[in-house]
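K.L.:
This is the structure I want to talk about, given as C-alpha cells.
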Amino acid sequence: MLLKLQLLYTHMPLLSNANAVLLSEKPEQVTPTSRKQRLPLHNGIGTVKPETNLKKCGPVQNSEECIPRKSKLEKSHTKCSTKRLSYGGCIPAILEALDTVLDVDEALGPWEDRLNNKERSIILKEQLRWDRALEIFEWCKQKGHELNVIHYNIMLRSLGRARQWRRVESLWNEMNARGIAATSSTYGTLIDVYSKGGRREEAFFWLDMMLENRVEPDEVTMVIVVQLYKKAGEFQKAEEFFKRWSSGKPLRSKSKPLRINNEVVDTRELDERVACANVSFSSHTYNTLIDTYGKAGQIKEASETFMEMLKRGVAPTTVTFNTIIHICGNHGQLEEVSLLVQKMEELRCSPNTRTYNILISLYAKHNDIGRATKYFETMKEACLEPDLVSYRTLLYAYSIRKMVYEAEELVREMDERGLEVDQYTQSALTRMYIEAGMLHRSLLWFLRFHLTGNMTSECYASNIDAYGERGHTLEAEKVFILCQERKNLSVLEFNVMIKAYGVGKCYEKACQLFDSMEKQGVVADRCSYTSLIQILVSADQPHVAKTYLKKMQEAGLVSDCIPYSAVISSFAKLGLLEIAEDLYREMINHDVQPDVIVYGVLINVFSDVGRVKEAISYVDEMNKAGLPGNTVIYNSLIKLYAKVDNLEKAEEAYKLLQLSEEAPTVYSSNSMIDLYVKRSMVDQAKEIFETLKENGAASEFTFAMMLRLYKKMEMYDEAIQIAKQIRKLGHLTDLSYNNVLNLYAIAGRPKEAMETFKEMLRASIPVDNFSFRSLGNLLLRYGVSRQAVGKLEVLVKKDVSNGLLAWMSALSGVLEVDDYYDHD
C-alpha cells in the first residue's frame with residue numbers, strides 16, 4: 001500500500017465551515033442485536049396505526065406516575081462544566097436554578113414567558129437525567145410553549161440512551177399526532193439509539209421507514225446507517241448505502257411501490273437525488289468508512305478512502321490515524337504503520353493513549369517486543385498516562401515470552417499507581433513463572449490474589465490448569481485445596497483438577513475427586529464425565545470408564561456417541577471385542593446414534609482379527625444409517641476387502657479415498673497392489689506404485705510386491721530395476737535381501753547373485769530355503785550336477801558356516817565360467 005503520503009500533506013487546505021460543523025457532530029457507535037418483527041406503517045409520515053399502536057406508559061402529558069421521583073433534588077441534573085457559562089444570557093442562571101430547585105415550575109417560573117426555541121433546546125440538551133429532561137419537556141407543553149422537531153429529537157435521544165423504549169415510542173406517536181414531520185436527524189437519532197441499545201431490528205425498521213417516507217438522510221444520518229450495517233457485519237450493504245447516497249442514486253427499495261391516497265404514484269422525480277461525489281465529507285465520515293472497510297478486510301478500499309480524504313483537504317484526526325494504523329498493523333503492513341506514525345508527527349497530530357495501545361499491541365503481536373516496550377516508554381515521555389489496557393497488553397506480552405524481570409517491573413509500576421492486575425493477566429503470569437521453572441514464586445504470586453478473597457472460579461480454574469497441564473500435580477492440588485477453603489467451589493475447579501490428575505497419571509485420585517463432588521454439593525456436568533472417561537480409556541482402564549459412562553447415562557448427560565466411542569475403542573484396542581459389541585448394542589438401546597468413528601473402530605478391529613463377517617455387518621449398518629464414509633472408514637474397508645480378496649469392493653473404497661482430501665495410506669495402497677499382483681494386473685499395480693514413489697511414500701514392502709509381480713510375469717529387466725532401487729534404500733530386511741537374491745538367481749545373473757550373497761553373509765542375514773533352491777537352479781544351468789547341488793543343500797543344513805562357504809565356492813566357480821565366456 002505504502003500510502004504515498006509524501007506530497008499529499010504539504011499544502012492541505014483548511015477545513016470549510018460546513019466540514020467543521022459536521023466534524024463536531026459525532027454520533028456514537030451502534031450495537032447489533034437480533035431482528036424482531038417489523039412495525040407497521042401508516043400514511044406518509046410514518047405514524048403507527050391506532051390498532052397496532054406502540055404500548056405507552058400512560059399519556060405523555062400525565063407522566064408523573066411513570067417518572068421515578070427523588071425525595072430531594074440531586075445535584076448534577078445538568079452537565080457540570082464551564083460550557084454553560086459560554087452560552088451567555090439567561091442560560092447559566094436557568095441551569096443553576098434547575099440544579100438547585102426540585103420543582104420545575106418554581107425553577108423556570110422567572111423565565112416562563114421569555115424562553116425562545118433555542119434556549120429550550122439548550123436546556124433540554126444539558127440535562128443528564130432523562131426523567132428531569134422529560135419533566136422540563138412536559139412543563140413546556142403545559143405552558144403552551146412551542147415545541148418543534150429539534151426539541152422532540154433531543155428528547156428521543158435522551159430517552160433512547162436511557163433505554164426507555166415505551167416512552168420513545170409514545171413520544172414518536174405524539175409527534176406524529178401533532179403533525180410534526182420527522183427529519184433526517186429524527187430518524188438518525190432513532191436508528192442510533194435503538195442500535196446502541198441492543199435493538200438492531202428496530203433500528204433497521206426506522207431506516208426502512210425513513211426511506212419509505214422519502215426523507216433524505218444527511219451526512220450525519222448516513223454515517224449512522226453505515227455504522228449500523230458495520231456493527232451488523234453487513235459490510236457490503238454499508239458500502240452500497242454510502243455509494244448510493246454519495247452518487248445521488250435512489251435509496252428506496254424499488255420492490256415497494258409508493259402509494260398516496262391508495263394510489264400508486266410515479267416516483268421517478270422523488271427518486272432523483274443530488275450527487276455528493278465531489279463534496280468533501282467530515283473527518284468523522286471518512287473515519288467511519290475507513291473503519292468499515294478495515295473490519296471487512298478490504299484494506300485497499302480503506303487506503304483509497306484515506307487517500308481521498310487527504311486529496312480533499314480534510315485533516316485526519318487522531319481517530320483517523322488510530323483506525324488506519326490498526327488496519328495496516330492487523331494485515332502485517334508494519335512499514336506503513338511506521339510511515340503513518342511519522343506523518344502524525346509531521347502534521348502535529350498528537351497521538352493519544354489509544355494510539356500507543358494500538359502500537360504496543362501490534363508490535364507485541366508481531367513479536368517485536370522491543371518496539372512495543374519503546375512505545376510504552378514514549379507514551380510516558382509524552383506525558384500520557386498508560387491505562388489498564390496499556391499495562392495489561394504489555395504485561396501479557398512479557399508473560400508469554402517468560403520475560404520475568406520486565407513483567408515484575410511493570411507490576412511494580414501498576415502497584416504504585418493503584419492499578420489492578422486483572423484475573424486473566426494474573427493467570428498468565430502464573431504460567432510465566434511455571435514455564436520459567438520458578439514454582440515457588442508462582443505460588444507466592446497466586447497467594448497475593450487468593451488472600452484478597454476476590455478471585456473468581458474461572459481464575460482459580462485457570463491457575464489449577466496452569467500447573468496441571470505442565471504436570472505439576474502437587475502444586476495444582478495446593479491451589480485446589482485453597483480454593484476449597486472458600487467453600488464456594490464450582491464444577492469448573494473440579495473439572496480442571498480432574499484433568500490435572502489425568503496429565504499426572506494419577507488415575508485413582510481423579511476418580512476419588514469425581515466421586516467427592518456430590519458430597520461437596522457440586523453436580524458433575526458433561527465435561528466432568530467426558531474428561532474422566534477420556535483419562536481412564538487413555539490409561540487402558542475401559543472397565544472403570546464403563547462405570548462412569550453408565551452414571552453419565554443415568555444423569556441424562558449423554559447427548560452423542562463420543563463417550564461411548566472412547567470406551568468402545570479402548571475395549572477394542574485391548575482385544576475385548578465382545579464387551580465392545582455389548583457396549584455398542586447398549587448405545588443403540590439408549591437411542592444414541594453411532595457415528596462413522598464408532599463404525600470405523602468396529603470395522604477396523606474386526607478386520608484386523610480376520611472376523612470378516614462381523615466387519616461387513618457393521619459396514620452394512622453404517623450404509624443403512626446413511627452415514628458418509630471418511631478416510632479412516634475407507635482405509636479399513638480396503639484392509640477388509642483385501643483380506644477376503646474382493647478386488648471390486650476394494651477398488652470402490654480406494655476410488656472414494658482418492659477423491660477425499662487425504663491421500664490413501666501406504667497400507668491401503670500396498671493392499672491394492674497386493675490384490676493386483678495376485679491377478680497379474682501389471683498396469684494397475686504400476687500406477688499405484690509410481691504414485692507412491694512420487695510422493696516418497698513407497699515402502700520396502702511396496703518394492704517387494706512389485707519385484708514379485710515382475711518376476712512372476714518374467715519381466716526380468718523391470719524386476720532388476722526394482723532390485724536396484726531396493727538396494728539403494730539401504731538397511732534392507734531379510735525379506736528384501738532374499739527377494740533380490742532369488743531374482744538374480746532366476747534371471748541367470750550369477751555376478752549380481754554372488755554380490756548379494758556376500759552382502760548377506762557379511763550382514764549375517766540368513767538365506768531362506770527358497771533362495772537356496774533358486775541358487776541351486778542357477779548352478780544347474782551352468783553345468784553343476786544335481787548330485788553336487790544336493791550335497792550343498794545337505795551340508796548347509798548340517799553345518800551352516802561350512803555350508804555357506806561351500807555355496808560361495810560353487811558360485812565363484814560359476815562366475816569364473818561366466819566371465820570366461822564373456823571375455824571370449
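The backbone N, Cα and C atoms fix where each Cβ goes, and this holds for glycine too.
Source: prediction; values computed, not measured.
I grabbed these lines from TrEMBL:
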REPEAT    148-182  repeat 'PPR'
REPEAT    183-217  repeat 'PPR'
REPEAT    282-316  repeat 'PPR'
REPEAT    317-351  repeat 'PPR'
REPEAT    352-386  repeat 'PPR'
REPEAT    387-421  repeat 'PPR'
REPEAT    490-524  repeat 'PPR'
DOMAIN    509-648  domain 'PROP1-like PPR'
REPEAT    560-594  repeat 'PPR'
REPEAT    595-629  repeat 'PPR'
REPEAT    630-664  repeat 'PPR'
REPEAT    665-699  repeat 'PPR'
REPEAT    733-767  repeat 'PPR'
K.L.:
Who are the chain neighbours of the repeat 'PPR' (560-594) in space, where the CB to CB distance is under 8 Å and they lie at least 6 residues beyond its ends?
P.N.:
529-530, 533-534, 537, 540-542, 545-546, 549, 552-553, 601-602, 605-606, 609, 611, 614, 625
K.L.:
What residues in the same chain, six or more past the boundaries of the repeat 'PPR' (665-699), come closer than 8 Å to it by Cβ-Cβ distance?
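P.N.:
Distant Cβ neighbours of the repeat 'PPR' (665-699) are 634-635, 638-639, 642, 645, 647, 650-651, 654, 657, 705-706, 708-710, 712-713, 715.
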K.L.:
What is the three-state DSSP composition of the repeat 'PPR' (352-386), stated as helix, strand and coil residue counts?
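P.N.:
Per-class counts: 26 helix, 0 strand, 9 coil.
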K.L.:
Mean pLDDT for the domain 'PROP1-like PPR' (509-648), rounded to an integer?
P.N.:
92
K.L.:
At a C-beta cut-off of under 8 Å, are there same-chain residues at least 6 beyond the repeat 'PPR' (317-351) that contact it? List them, or none.
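P.N.:
For the repeat 'PPR' (317-351), the far contacts come to 1-3, 5, 9, 283-284, 286-287, 290-291, 293-294, 299, 302-303, 306, 309, 358-359, 361-363, 365-366, 368, 379, 382, 384.
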K.L.:
DSSP says what for the repeat 'PPR' (595-629): how many helix, strand, coil residues?
P.N.:
26 helix, 0 strand, 9 coil
K.L.:
Same chain, outside the repeat 'PPR' (352-386) by at least 6, Cβ under 8 Å from its Cβ: which residues?
P.N.:
318, 321-322, 325-326, 329-330, 332, 334, 337, 341, 344, 393-394, 396-398, 401, 403, 406
